[in-house]
Amino acid sequence: MNRRRTMLLLICLCATFCLMTQLGAANVVLMGTNLTLSFDDVEASFAPGVKGSGFEGVVYTAEPLDACSPLTSKAEKGPPSPFALIIRGGCTFDEKVKNAQDAGFKAAIVYDNENSGVLISMAGSSGGIHIYAVFISKASGEVLKKFSGHTDVEVWILPAFENSAWSIMAISFISLLAMSAVLATCFFVRRHHIRRDRPRIPEAREFHGMSSQLVKAMPSLIFTKVQEDNCTSSMCAICLEDYNVGEKLRVLPCRHKFHAACVDLWLTTWRTFCPVCKRDASTGIPDPPASETTPLLSSAVRLPSQSSSFRSSVAASPPRPISRRPSSQSISRIYAASGTPNSPNPIRSFTNSTAMSISRSNVDLSNMSSRPRASHLASAHSLVGSHLSPPINIRYASPHMSHSGYASPSPHVSSSYVSNSGYGSSSYYLGSSSQHRSYLRRCGESGPSLSTMAPQSPQQSQLRHGGESDLNLAGASSGQSFRQSYLRHCADSEVNLAGASSGQSFRQSYLRHCADSDASLSAMASAQSLPGC
């Protein structure tokens with residue numbers, strides 16, 4: 001419809017322009033019976049212009065034809081008005097018109113003597129000229145000459161629009177307006193065609209939806225019957241259709257169900273939230289299984305975060321000491337086996353007893369800080385009557401020294417090798433077997449005293465005593481069998497405990513024992529350069 005209106009407007013503008021141009025050029029019109037001819041003319045600049053609706057008359061040929069001399073033919077008076085037809089040349093235009101005016105003619109029509117096709121504006125003196133004068137082409141003059149003297153054929157000289165200033169301005173304005181309208185119409189038509197023929201470019205959305213892999217990772221089910229009572233249990237909220245048996249439904253993390261095709265299209269092309277509750281559907285979706293198209297960067301980025309979280313959890317958890325409290329039956333069984341003369345493997349029994357002693361020493365040290373002094377004294381009396389309780393030397397043996405003592409003969413017998421046990425005490429390997437025996441006996445006698453007589457700093461005493469027990473084990477493994485050392489140590493410990501409990505107080509026995517130990521250690525230090533107990 002728009003295109004048709006545009007074409008109609010163009011046709012009307014062209015017709016108007018042509019009509020105005022035709023009216024401006026048709027100044028001389030020949031009208032007869034069944035005959036109408038129009039000719040272009042240009043009015044003379046020295047003659048008055050045609051006014052009103054025009055001027056009517058009958059054309060007559062001038063004699064002489066060039067009208068350079070007074071005319072011999074006289075114009076007839078009365079209507080219609082006579083017009084003189086004159087050829088160009090021979091004299092000036094104003095002379096020709098002057099001679100025609102003097103002969104009684106009301107208008108002078110001058111035609112060209114050559115077929116140049118160019119109409120000129122006749123110039124000359126306007127003094128004394130009162131009739132109309134126009135200039136036409138040679139062809140137009142030849143046609144008018146044929147109808148000369150015919151009173152039944154009228155000739156009209158019409159006013160030319162281009163001859164007035166207002167007419168020129170109006171024609172110029174109308175022409176400019178017509179050209180602008182044509183150009184604007186062409187521009188809009190061209191623009192309309194470009195918009196219609198150009199392919200539609202989809203507008204860029206602010207949100208691009210979820211990937212198809214994440215959508216397919218959501219759980220789905222086959223509809224059988226309505227099992228829940230909610231807005232999406234029987235009807236899809238997207239297409240508003242009821243579920244049919246056998247249709248595939250997609251379950252979002254918010255537990256709302258939809259047709260798989262409907263919700264997949266919604267999540268991948270429009271939004272990532274549930275159409276019903278507006279909850280984000282991308283939360284709570286597990287990662288899809290790895291495939292050939294899975295990018296390697298995701299796994300590489302995920303591993304450091306997992307390892308860092310593991311380290312942080314390990315660092316945040318406090319260290320927990322692991323200590324096992326063996327039952328009394330197992331302790332009795334172990335020491336009974338180690339004290340039997342027919343024991344087939346003394347090394348294995350020593351291993352079991354040492355391991356058990358280490359665990360018990362851990363328990364004793366952890367409980368020592370909370371025990372009062374009276375509890376230490378009570379434990380001393382219980383140790384006197386117990387024949388199967390493990391010796392103090394073995395109870396506080398360090399794990400490092402026990403492994404080097406019973407597994408194999410120590411490779412560091414001839415050197416002073418220092419090792420730090422778990423409790424911060426230092427143990428030493430001695431060079432000679434005689435010094436081993438004296439030093440071990442002294443340390444063995446000090447065992448019960450350290451465990452029963454509570455000094456002012458019980459924990460430091462027990463830690464130092466652990467180092468002495470390590471020396472006992474090392475000396476026993478290198479000088480004599482573990483069985484003999486163990487039996488003699490038990491006997492010495494019981495004698496010391498009995499004497500201390502019957503003769504004097506525990507504190508005095510402990511002080512005397514420390515003095516004896518310091519004296520023997522100082523003598524040994526001068527011989528072997530060993531540190532004190």
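Positions of Cβ are set from backbone N, Cα and C atoms, glycine also.
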Run through Asn34, Asn352 and tell me the one Swiss-Prot describes as N-linked glycosylation site. Asn34
Count of other CB atoms lying within 10 Å of the CB belonging to Cys68 (disulfide bond): 14
Please work out the helix, strand and coil residue numbers for the topological domain 'Lumenal' (27-167) from the DSSP assignment. 25 helix, 42 strand, 74 coil
Express the predicted model's confidence over the topological domain 'Lumenal' (27-167) as a mean pLDDT, rounded to an integer. 86
Using the alpha carbons only, what distance in Å do you get between Cys68 (disulfide bond) and Asn34 (N-linked glycosylation site) once rounded? 36
Quick check for the class: what is the C-alpha distance, in angstrom and rounded, between Cys91 (disulfide bond) and Asn34 (N-linked glycosylation site)? 38
